[in-house]
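Asker: Got a structure here, written out as structure tokens. Questions coming.
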Amino acid sequence: MEQMIALSTQNPLTLLVKFGMMAWNDTCGNENCSGHGECHNGTCLCEIQFDGLECHVPNLSYYIAFATIFFMLAFVCLIQLIMCIIAEWQKMKAPSFLRACRVTTQKVLYFIVFLASLIRGAYFTSPTAFKEGWSRSLLSAYYPLVLSGSSLIVCFWAEVFHLRNMSWDKPQFLSKSFIGFAVFNVLTYSLLLAEFIVTQIYSQEDQSFYTHVFNGCYAVLLFIVVIFFLIYGVEVYFKIRGGFLNDYQNSTILNKRTVSDLKVNAEEQVTAKLFDAVPSTSQLSQVQEQINISQLHQSRVGLLSQAFMLFIIVGFLCSETLSEFWKAKVPLYSRNCHDIVFRIIEVGVILWFPCVLWNCFSPEQLWILNPKRLLKRLDHSKYMKEIELQDKNAEQDTALFSDGTSINSKDCWICYDSERQDAGPLIQPCQCRGDVSAVHHNCLRRWLVESSINADSLTCKVCGTNYNVEHATKLDWQNGITSRHCLQTMAIVTTMCGSSAAAWTLIQLVEGPIIRMLAAGTALLIMYVCIRFLSLNTVVAYQRAKISSLNIISSDSNGNAHVSTISHTVCVDLAKSETATI
């Protein structure tokens, strides 16, 4: 019975050989493909990490590919770190190198990712050097570094959620949560130190066992980090809640008090009620109205993608811990796919950090470091200008609304030619008064196109009034795409095709794996840069075409009287009578 159980646990190919149904060929060797593959019909099928007739040499293509990727990531993070230091140096009134190198969240993340990528790249450059001695534990240092970077983001988001009256617009490091961050990292690197000691004491077989144990510990810690990563990420970037909203709510109340203090006569008491304070139960709806949709979607996609990859890393670490129970029962191609996906996810986890920290010069523009980017910017100076305009030009506004023909006597503030017939009618699109109150329709539209303004937020740069526009059903691509855009697109596409053709030719002519991988990696890098510029070029052309198709409506052509408020323009329908005034 025991022999039957022993036979049932063996590999099917081994049973065929034992019973004489299939024999090993000499090409497989006496060591069964060196323990790194399977012998099928006398031919060794190697694991993805190994190559050769007997699977005894490393697969150079595999190691060079991942070494190149990790070294490129390390180089990019190093450049970002240097540029971040230079940016702080340039912003100082009295430049100091030590002050420019002060510890901030952004710099620590750059440094952590640089070390993790460098260690992984060194492993794939010389895998045999990481099999024995102290360097074996250095291979596992990748996971404590990933834990450090992820826990730093979790602690930062915890401060964003819990702390109030904090300025997130300037580079800084942790404050209240620093102790928790330090304790967690002491625990993490204590495991790495214990693994280092174990590699110096125990034999090769025992080292493999303890490596699986430490991988399991890293998996547990990483799982805890991912849970808190999702908890605070969902609170801040999905529910839009946290201490960073305190300044927004205070500024909203302050602005309403400023308007309510304006002088109103007895006939304007009904209008003054428009400016009463909003009850606290509607504060959430106020925040929802001021959300930057683009930043909101970017943050959510970035949050979920990293959480998904970290969960996969946890699953892979658990599977490696229990590899003795399942690897021998899984086909070779499944194990190879498992290894490839594992390495790609490791690259993705590290690549996520430089992608979300892309702006080295202005970290306040990054959603991960400044959650206030989720809200539209409140320009208090614009509100004060509106109040001054209301006080100084109240009489002029009444006269202008009562006499719609007065605009014909004004000049266009762009072309200063009132006799032009090809520029469209003279309109008054905003609340500006004086020499800048009137403008030709086509002149203003051309001005907006050349100013590269977002078509979804067209406002006057002087008074801050939103333009009243009508969107067309079709975009005006004729005015949106210029000769410059065409030349840039042709140059980018030519560069992409040329780099791909050159890489393909080099791969076909040269047999060396190093040259082939360098050619392929360089071509991919060039294509990545070209795709980025091509995308930006397309977005600019789309914005130009969208603005060119708009129809801007004059503010004095509406049948409604307008009441200018602090945050919006409230339209009040009044009965048509000669005595109705605002």
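Glycine is no exception: its Cβ is also placed from the backbone N, Cα and C atoms.
According to TrEMBL:
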type	residues	note
TRANSMEM	60-87	transmembrane segment
TRANSMEM	108-130	transmembrane segment
TRANSMEM	142-161	transmembrane segment
TRANSMEM	173-198	transmembrane segment
TRANSMEM	218-238	transmembrane segment
TRANSMEM	301-322	transmembrane segment
TRANSMEM	342-361	transmembrane segment
DOMAIN	404-470	domain 'RING-CH-type'
TRANSMEM	487-507	transmembrane segment
TRANSMEM	513-534	transmembrane segment
Asker: So what's the average pLDDT for the domain 'RING-CH-type' (404-470)?
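Answerer: On average, pLDDT over the domain 'RING-CH-type' (404-470) sits at 71.
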Asker: By a Cβ-Cβ criterion of under 8 Å, what residues six or more beyond either terminus of the transmembrane segment (218-238) are in contact with it?
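Answerer: Sequence-remote neighbours of the transmembrane segment (218-238) are 140, 143-144, 146-147, 150-151, 153-154, 157-158, 160-161, 184, 187-188, 191, 244, 296, 299-300, 303, 306-307, 310-311, 313-314, 317-318, 321, 367, 371, 374.
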Asker: If I count Cβ-Cβ pairs under 8 A between the transmembrane segment (342-361) and each of 60-87, 108-130, 142-161, 513-534, which range comes out on top?
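Answerer: If we count Cβ pairs closer than 8 Å to the transmembrane segment (342-361), 60-87 scores highest.
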Asker: Would you say the transmembrane segment (108-130) and the transmembrane segment (142-161) are in contact under the rule of three or more C-beta pairs closer than 8 Å, pairs 6 or more apart in sequence?
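Answerer: Since 3 or more Cβ pairs under 8 Å link them, the transmembrane segment (142-161) and the transmembrane segment (108-130) do come into contact.
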Asker: Let me spell it out: take the transmembrane segment (60-87), skip the flanking residues so only those 6+ beyond its ends count, and list any with a Cβ under 8 Å from a Cβ in it.
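Answerer: For the transmembrane segment (60-87), the sequence-distant neighbours (Cβ-Cβ under 8 Å, at least 6 residues beyond its ends) are 48-49, 51, 100-101, 104, 106-107, 110-111, 113-114, 117-118, 120-121, 124-125, 127, 343, 347, 350-351, 353-354, 357, 360-363, 513-514, 516-518, 521, 525.
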Asker: In the same chain, who gets a Cβ under 8 Å from the transmembrane segment (108-130) while lying at least 6 residues past its ends?
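Answerer: Beyond its ends, the transmembrane segment (108-130) has Cβ neighbours at 49, 58, 63-64, 66-67, 69-71, 73-74, 77-78, 80-81, 84, 136, 138-139, 141-142, 145-146, 148-149, 152-153, 173, 346, 350, 353-354, 357.
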